[in-house]
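What TrEMBL records for this protein:
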- B:32-39, B:149-152, B:Val178, B:186-189: ATP binding site (BINDING)
- B:His39: active site, proton donor (ACT_SITE)
- B:Gln63, B:Gln155: (R)-pantoate binding site (BINDING)
- B:Gln63: beta-alanine binding site (BINDING)
There are 2 protein chains.
Amino acid sequence: MRILLTVAELRAARSELLQRDATATLGLVPTMGALHDGHLALVRAAKERCRFVAVSIFVNPLQFGPSEDFSHYPRTFDQDCTLLLKEGVDLVFAPAAEELVPAHATTFIQVGGIGDRLDGKSRPGHFRGVTTIVGKLFHVVAPHAAFFGQKDAAQVAVLRAMVRDLNFDLDLVVCPTVREPDGLALSSRNRYLSAEERIHALALSRALQSIASMSVQEKDARVLQEHLRSCLAAAEGIRLDYAEVVDPRTLEAITTMHKGALVAVAAYVGKTRLIDNIVLPSGNTP
Amino acid sequence: MRILLTVAELRAARSELLQRDATATLGLVPTMGALHDGHLALVRAAKERCRFVAVSIFVNPLQFGPSEDFSHYPRTFDQDCTLLLKEGVDLVFAPAAEELVPAHATTFIQVGGIGDRLDGKSRPGHFRGVTTIVGKLFHVVAPHAAFFGQKDAAQVAVLRAMVRDLNFDLDLVVCPTVREPDGLALSSRNRYLSAEERIHALALSRALQSIASMSVQEKDARVLQEHLRSCLAAAEGIRLDYAEVVDPRTLEAITTMHKGALVAVAAYVGKTRLIDNIVLPSGNTP
């Protein structure tokens, strides 16, 4: 496994890897580090599908708001590398902030509409930061496929739109959310939770599970959304950010449930903002 | 020479071309058609530098304002293809508007700062349209080098910033402005000019030539800029849009002339908006 710190190093290592075999494919798993089993599931999906796998570790300053947790976002580089080595990853791209976000840069990639919904609404500028950096990573790593977690459902919708609208020549592969045995969706931010908050946080997956059960009978999306909000409003230690039933591609509210409807929530548990979602009627329930 | 109308066709043709020789390079000349010798100089530069050459012909709706000349922009596809065939071009990419700008697309590439200066100031949204489509062309054609004319000096600055900021993996090659014997910079929009307007239009290159001479002695950029504006204000049949002395990379006003300072003008001759520029103290004077 090679660890590359600059764009030039990464490109050289990529060329070296792929020139051995002109038909070989490269998969990219973009991460912000602080790796957990959700990330490792993405790496395994990439290994299964591609000959070589690159993982980027970059805490992207552009996707954090001024009052958000950029400065204390968990950074566990050595542990991350140990995990990735065990998974048989080929390249780790870990640039410094200035390498990918130099002071002079003024260019952004922005997805209108979709990028302003759900987390894009709660976190203005967030998705512009995500799409700009993911676009740069696509240009630097030039992967044949890139792997993202369904846990970040809004991010998935925004990146799908970006790849389609800008004709990026790669497959975007979305992998199911990985959960703790009790239902909590894995997140690097779970590290922030106290033991008590960890218990409170279960309200998110529980509320989604309740909606999943209810949706077998109830097809009015607004009724389900109201129920979801009530569940979370009643939950101890939870401050709701959003709870919505939307089309998974456009992130626009729907009125009648249809196959693949996205039920997405974001809430604060103490100071920690968590997100979770399910796709209904089938698939990946908590 | 193959003419490709869709992204899928272009990609297939590109693969076929490059698989013959793994070390071969592909040059891209993006155009809006209505080709003239300026475009052909770009094609020749691309032929010289790259094994294969692709030319895109696409009148980009995103770079025209609502009151601009999108609908009557000259479209001379058959003549263009005849010219490109003579030049030995390998691929012509000529997608329909909906192929590159589908109704559902909401993603843009935008260069802040630089993209709002000169033509970006006069034509709000213009460079956002340029960068979005050029970015898409880069993703579709995947060239090793792309060729643009110095005549569009602000566009060159904006695209340089985009390529650098987003880590596009290609060389951006800028070729000198091609001029008529009397100094008029070649432009597809010169076709709009009446015989009388054609004479009035010479004021642009003449004013720039006058600044070039004056700059041998005068190093105060504001003095030169004032002289340029006076020349153009006094010229018959000319309505000035902008006349500025700027840094060619940032497009910001400079106060003291330095090597490579950009003197750029835009003016209406009748209803036709023309642009021209020179780089001082040396190089490509009209």
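The backbone N, Cα and C atoms fix where each Cβ goes, and this holds for glycine too.
Locations of recorded TrEMBL features on the structure.
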residue	record	Cβ within 10 Å
B:Met32	ATP binding site	18
B:Leu35	ATP binding site	26
B:Gly38	ATP binding site	21
B:His39	active site, proton donor	27
B:Gln63	(R)-pantoate binding site	22
B:Gln150	ATP binding site	21
B:Gln155	(R)-pantoate binding site	24
B:Val178	ATP binding site	19
B:Ser188	ATP binding site	19
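When the alpha carbons of B:Gly38 (ATP binding site) and B:Gln155 ((R)-pantoate binding site) are compared, the span between them is 15 angstrom.
Geometry remark: B:Met32 (ATP binding site) versus B:Gln63 ((R)-pantoate binding site), CA distance 11 Å.
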